[in-house]
């Protein structure tokens with residue numbers, strides 16, 4: 001184990017492999033850890049260890065995912081790889097594995113296939129910001145022109161879904177040959193790592209983003225005023241900051257006159273911390289669970305949006321029967337349920353358990369939201385689906 005591993009001073013970037021079944025995602029994942037461990041230090045993981053992905057639960061949904069990590073001289077990467085197509089769908093929609101960028105694996109022997117397209121579309125819908133392409137199995141294609149043709153096809157497909165197909169990096173390689181230790185093909189893995197370093201920008205840390213805290217509880221403290229508690233989702237709030245209370249009803253302004261944690265007064269509350277914020281001039285009844293406390297002007301309330309959704313299968317504890325247009329479940333955002341009506345897309349009559357689709361939701365009360373916000377779909381407190389806001393409409 002190299003000492004490098006525990007250096008947390010390097011920026012941390014989350015990536016993952018996506019692409020069609022059997023195009024070599026897991027082999028590539030193994031090759032990256034193996035080659036980079038040799039070149040830069042770190043731990044190699046073999047194919048079997050990655051392929052045997054443990055099951056995890058995210059919002060009540062079982063997802064099989066493998067997590068590996070590796071280092072380049074300038075960064076530390078956390079990388080996810082999923083065994084099955086359904087796991088990718090669930091992973092990307094629940095946000096279980098938030099990706100700062102994805103490695104799209106396309107076999108040069110096949111070119112783009114149906115799941116290639118599906119994963120690119122999903123990436124677009126759930127807000128994966130950057131894609132780097134690894135054309136795999138290039139050792140099996142002798143014809144230079146054929147390789148060029150496949151690369152062109154992949155670039156066109158990415159452009160179709162509003163990724164910069166002409167400009168993004170495409171590396172031609174062979175994961176298996178690199179994994180077997182072939183020197184020339186191993187260089188392609190290092191080239192891929194360089195592409196990740198140079199093409200995927202360093203993600204903005206949660207703490208540097210504008211302040212937002214979902215409100216979980218509201219108390220009234222006599223002589224001091226109203227306190228709201230919750231876990232700071234992003235940013236920093238300081239004593240004296242003006243904030244907005246957004247969602248459920250009209251947005252109101254307030255000032256934070258104190259921040260406390262474990263009954264101690266602090267100057268500030270930061271992303272990831274559970275805090276209580278004392279609000280000046282805000283009455284106990286003006287605030288409720290489900291609203292957010294946020295930096296003014298950074299988030300707005302909405303009722304109508306388009307969502308990319310995964311509906312739980314019966315085996316996952318979901319519905320046993322399909323639902324139809326006019327379906328009105330609860331949508332659980334951050335800390336609360338809001339009823340909403342589902343508008344199915346043209347030509348879709350019913351939705352079966354286990355389906356993945358996009359539809360429009362109209363909520364009965366506004367929720368503070370941005371595109372990319374995750375939610376659960378519930379019926380009487382039981383999770384029956386998961387979704388992500390792909391487009392705000394109203």
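These residue numbers are counts, starting from 1, taken along the chain as shown.
Even glycines carry a Cβ here, placed using N, Cα and C.
Regional average pLDDT for the domain 'tr-type G' (10-204) in the model is 95. Under the heading domain 'tr-type G', Swiss-Prot lists 10-204.
Summarising the annotation, Swiss-Prot assigns region 'G1' to 19-26. Counting same-chain residues at least six beyond the ends of the region 'G1' (19-26), those with a Cβ under 8 angstroms from any Cβ of the stretch are 47, 50-51, 66, 81, 83-85, 104-107, 110, 112-116, 119, 136-137, 175-176.
Taken from Swiss-Prot, the feature GTP binding site covers 19-26, 81-85, 136-139, and the record attributes it to sequence analysis. In the three-state DSSP classification, residue 25 (GTP binding site) falls within a helix.
Swiss-Prot lists 26 with the feature Mg(2+) binding site, giving sequence analysis as the kind of evidence. Counted within 10 Å of its Cβ, the other Cβ atoms near residue 26 (Mg(2+) binding site) come to 21, all protein chains included.
With a cut-off of 8 Å between Cβ atoms, the residues of this chain six or more beyond the region 'G2' (60-64) that come close are 53-54, 82-84, 87, 90-91, 94, 96, 310, 312, 316-317, 376, 383, 386. According to Swiss-Prot, the feature region 'G2' maps to 60-64, an assignment based on similarity to another entry.
Per Swiss-Prot, region 'G3' is recorded for 81-84. For the region 'G3' (81-84), same-chain residues at least 6 beyond its ends with a Cβ under 8 Å from one of its own Cβ atoms are 16-17, 21, 25-26, 29, 50-51, 53, 63-66, 68, 91.
Swiss-Prot lists 136-139 with the feature region 'G4'. Only residues 6 or more beyond the boundaries of the region 'G4' (136-139), in the same chain, are considered here, and those with a CB under 8 A from a CB of the stretch are 23-24, 27-28, 105-109, 147, 172-177, 185.
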Candidate nearest residue 26 (Mg(2+) binding site) in space, where candidates are the binding-site residues 19, 82, 85, 138 and distance is Cα-Cα: 82
CB within-chain contacts under 8 A for residue 19 (GTP binding site), separation at least 6: 25, 104, 105, 106, 115, 116, 119
Cβ neighbour count (within 10 Å, all chains shown) around residue 25 (GTP binding site): 26
